Every structure is written in structure tokens, then in C-alpha cells.
Amino acid sequence: MDKHDTRAQGAGAAGRTNGQVRVWDPLVRIGHWLLVAAFFTAYIAGDDAQTVHVWAGYTVAAIIAWRIVWGVVGSRHARFTDFVRGPGAAFAYLRGMASGKARRHLGHNPAGGLMILVLIASLAGTTLTGMSLYAVEEGRGPLAGLIAPAVETMDGADMQPLVHAAPAATAYREDDDDDHESEGHEDGEHEGGGDLLESLHKFFVYLTLGLVALHVLGVIASSLAHAENLVRAMITGRKRAGDAEE
């Protein structure tokens with residue numbers, strides 16, 4: 001037994017059951033699966049169910065914010081200091097995977113740790129651009145007070161004298177003209193910041209989808225390489241003790 005095995009077994013002695021050691025705390029596991037559910041709920045809902053899309057996006061933002069905090073003050077293997085190793089270590093691990101010599105890790109392996117950081121950044125970009133776009137187009141959301149909405153609604157009280165002073169046909173015609181002018185004004189203002197935010201939001205969404213696909217492939221590859229079901233580990237919180245590098 002080498003020193004890595006000794007450390008791994010010593011670290012998990014208190015949480016060991018039938019040769020397994022507790023690695024992921026409940027908050028990490030619940031946060032992980034809630035994040036998956038919230039992101040894909042927002043993606044599937046899209047613009048057709050805006051309320052669902054918006055609240056699912058808020059959920060993603062809240063989980064990301066919590067995960068950053070938990071990565072600093074959380075349990076051992078949840079902390080960034082436990083799995084952030086830099087690009088060099090990540091590529092070294094991938095080379096080891098290709099040659100069949102990659103060391104097994106109790107927590108996230110270096111490539112998985114790097115993927116987590118990139119996913120957090122991409123999801124943060126997705127939610128930030130989404131909330132910014134919501135503020136610009138609807139004048140709503142937590143950023144509405146910081147980002148001037150592109151849509152300026154006309155005060156209904158200001159329209160009352162005009163409606164009462166003119167015949168019904170005239171009022172309808174003038175209202176229709178006002179609608180066209182308002183649409184043109186809105187389109188002109190949206191053409192700048194709104195279009196840019198929408199493009200950025202879509203970019204981060206598709207970037208996140210690509211990263212998720214790579215993440216799933218990485219989980220499958222690592223599970224096969226180390227003869228360990230990593231999906232089940234993220235459900236139960238337990239992994240096999242021994243033969244693992246801390």
C-alpha cells in the first residue's frame with residue numbers, strides 16, 4: 001500500500017461503508033441535479049413559456065452563486081482547492097486516460113475540475129446575459145434598475161384627454177399611428193443593445209450545451225477507465241476507497 005492509499009483511507013475512515021467512502025456532501029449532490037433540471041427546463045421552455053424560462057434561469061443563477069460560495073467554505077471535496085489544478089494537470093490527466101495510466105481521484109480529477117470552472121463561467125454568462133436581456137426588453141428582473149429598458153410604455157392617463165376629445169374613428173386612427181411610431185422607436189432601440197445581448201445569450205447557451213456534452217463524455221470515459229460509476233457516486237455521495245490519489 002502506497003502513501004496515496006494510506007491518505008485516502010485515513011481521510012474516509014469516518015464515512016466508510018462496505019469499502020466505500022463518503023465524498024460528495026448532500027448540498028453538492030442536490031445542487032448538481034437541481035442545476036441540471038433548471039438549465040434544461042429553461043432551455044426547453046424558451047420564449048414560448050417565458051415565465052418558466054425566467055424562473056428556471058433565476059434558479060440556475062442562485063445555484064451557481066451558492067456553488068461558488070460552497071467552493072470556498074464547503075466540505076473538503078467540494079472546495080476549489082481540492083480539485084483546481086490548472087490546464088497542465090488537466091491535459092496530463094487526459095494523456096494518462098489515453099494511455100490507460102491515469103490516476104484515480106477520490107474527488108474531481110484535474111480534467112473534471114477544469115470543466116467545472118468552465119461550466120460555472122459559462123452558466124454565469126448565460127444567466128447574466130439572460131437577465132440583462134430581460135431588463136432591456138421587458139424592464140423587469142434584478143437588473144432592471146441598472147439597465148435602462150428599451151421599451152418605454154406610454155402613461156395611460158396621458159392618453160385619456162385625446163381619446164375623449166376626438167370621435168371614435170379618429171381616436172382609433174391616432175392610436176394606430178402611435179402604435180406604429182412606438183414599434184419603430186422600440187425596434188430602433190432594440191437593434192443595438194438588445195440584439196447584442198440576445199446574440200451573447202444564445203452564444204453562452206450553446207457553449208454550455210457543448211460543455212455539458214463534453215462533461216458527460218468525460219464522466220463516461222472516467223467511469224470506464226476506473227471501473228467506477230461516477231453518476232451513481234453523484235447520487236449516493238460515495239466512492240470506492242483505496243487506489244485513489246487525494
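The backbone N, Cα and C atoms fix where each Cβ goes, glycine too.
Given the structure is predicted, the values throughout are model-derived calculations rather than measurements.
Here TrEMBL flags 23-237 as domain 'Cytochrome b561 bacterial/Ni-hydrogenase'.
As annotated by TrEMBL, transmembrane segment applies to 26-46 (among others).
As annotated by TrEMBL, transmembrane segment applies to 52-73 (among others). Long-range contacts of the transmembrane segment (52-73) within its own chain (CB-CB distance under 8 A, at least 6 residues past either end) are made by residues 27-28, 31, 34-35, 38-39, 41-42, 45-46, 79-80, 120, 123-124, 126-128, 130-131, 134, 141.
Sequence-remote contacts of a segment are chain residues at least 6 beyond its ends whose Cβ falls under 8 Å from one of its Cβ atoms, and for the transmembrane segment (111-136) they are 35, 39, 54, 57-58, 60-61, 64, 67-68, 80, 83-87, 90-91, 93-94, 97, 142-144, 146-150, 190, 193-194, 197-198, 200-201, 204-205, 207-208, 211-212, 214-215, 218-219, 222. The transmembrane segment annotation in TrEMBL covers 111-136 (among others).
Annotated region 'Disordered' per TrEMBL: 170-193, in sequence order.
Positions annotated as compositional bias 'Basic and acidic residues' by TrEMBL: 182-193.
According to TrEMBL, the feature transmembrane segment maps to 203-225 (among others).
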